[in-house]
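Visitor: Marked as S-adenosyl-L-methionine binding site by Swiss-Prot on the basis of sequence analysis: Ala33, Gly34, His35, Asp53, Phe82, Asp103, Gln110.
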Amino acid sequence: MEFKHTSVLLDECIEYLNINQEGIYVDGTIGGAGHSSEIYKRLGEKGCLVGLDQDSFAVETSIKRLDEIKSNADFKVVNTNFKNIKSACSGLGINEVDGILLDLGVSSHQLDEASRGFSYQHDAPLDMRMNTKSELSAYDVVNKYSEQDIYRIIRDFGEEKWASRIAKFITEARQNEPVETTYDLVDIIKKAVPSSARRDGPHPAKRTFQAIRIEVNNELGILNKTIEDCVDLLKRGGRLCIITFHSLEDRIVKMQYNKMVNPCTCPPAFPVCACGKKPKAVLINKKPIVSDIRELDKNPRARSAKLRVLQKI
C-alpha cells in the first residue's frame, strides 16, 4: 500500500517558515512527509526535524521517505496527535523550536483508501477515524447519536442547509437496519436533499461527511489549545504556519491568531490598556495565502486551502 498525497502550498510553506539551517522544525501532520522532506533538505548538521502523526501508516511512510534523503540533520517521528505537540517535544528533550507547520486537511491517502470510510465516492464501512485505535467511529455517530445531536453536528460542522432533514432521514432509516457503509449514508442523504438542491454545487453528501469526520476526530475541539501550545513552544522570531481547508477551521485559526496579536480585553473606551496582557505574536500575512492557478491545475484539492502565518515576538 502506497501513501499518496500531494502537498498543498508547498513552496509557500517553505518560504514563510523562513528556515534556519541549524533550527528545529515541527511538522505536526507529517503524513507522507511531503512538506517535511523539503524542510529536512534545508537543514544542516545541527538542524532537527520533528514529525507528528496519529496515523501509524503515515509514521512508517514518512520515516522511510526521510531516510532516503541525504542529510546530516537529525529527524524524529512520533506517532501522536498534534494536540500533544508540547509533550512530544518535551519527551525528545526539546523545549523550544524555530518553526511549526500544521496541515489540517485529510490526506489524499486517507481519502483514496476506500477502507477508511472518509470518502462518499467509495463504498466502505463507516469509519472516518484518523487514528484507527480511537474508539468513536462514524458508524457510532450515525447509528447511536440522537437526531438532535446529528442535526447539531451537520449544521455546525458541515454548515449544511438541509441538516434537519438529513438528521431526520438518518434516524428514520436506522430504525429498520443499521447504516453500515458510506454508500448507505450517501443514499439517505440524497433522499433527504431535494432534487432541485442537488443539481448545482458540490456533491450533496460532502458537507455531511465533513461534519461527521470532524466529530469523530474532535478536529475543532483540539485546535484552539493546540495553537496556544504551538506559540508557547516557538522561540522568539519562530513561525507557525497553518493550512486550513474549510471555513470553520480557518475561522478558529484567524480568531486565535488575532488573540495572540491583540490579547487586550479592556473595553474600547479605555484610553490605555489596564488588563496588562501583552501581544505574543505578529501576523506575517493579514490575508490568507491561497494556491495559484498552476497548483490548482495540478491539484484541484488545493482549491479550498488557506495558509495563515504567525511570528512569535
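Yeah, the Cβs are placed from backbone N, Cα and C, and that goes for glycine too.
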Visitor: Helix, strand or coil by DSSP: which one applies to Asp103 (S-adenosyl-L-methionine binding site)?
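Guide: SS state of Asp103 (S-adenosyl-L-methionine binding site) = strand.
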Visitor: Across all chains shown, how many C-beta atoms besides its own are within 10 angstroms of the C-beta of Asp53 (S-adenosyl-L-methionine binding site)?
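Guide: Other Cβ atoms within 10 Å of Asp53 (S-adenosyl-L-methionine binding site): 28.
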Visitor: Starting from the Cβ of Gly34 (S-adenosyl-L-methionine binding site), draw a 10 Å sphere and report how many other Cβ atoms land inside it.
Guide: 21
Visitor: Within a 10 Å radius around the Cβ, which one of these binding-site residues has the most neighbouring Cβ atoms: Ala33, Phe82, Asp103?
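Guide: Going through Ala33, Phe82, Asp103 one by one, the largest Cβ count within 10 Å is at Ala33.
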Visitor: Far apart in sequence but close in space: which same-chain residues, 6 or more away, have a Cβ under 8 Å from His35 (S-adenosyl-L-methionine binding site)?
Guide: Ser7, Leu10, Cys13, Ile14, Asp27, Leu101, Asp103
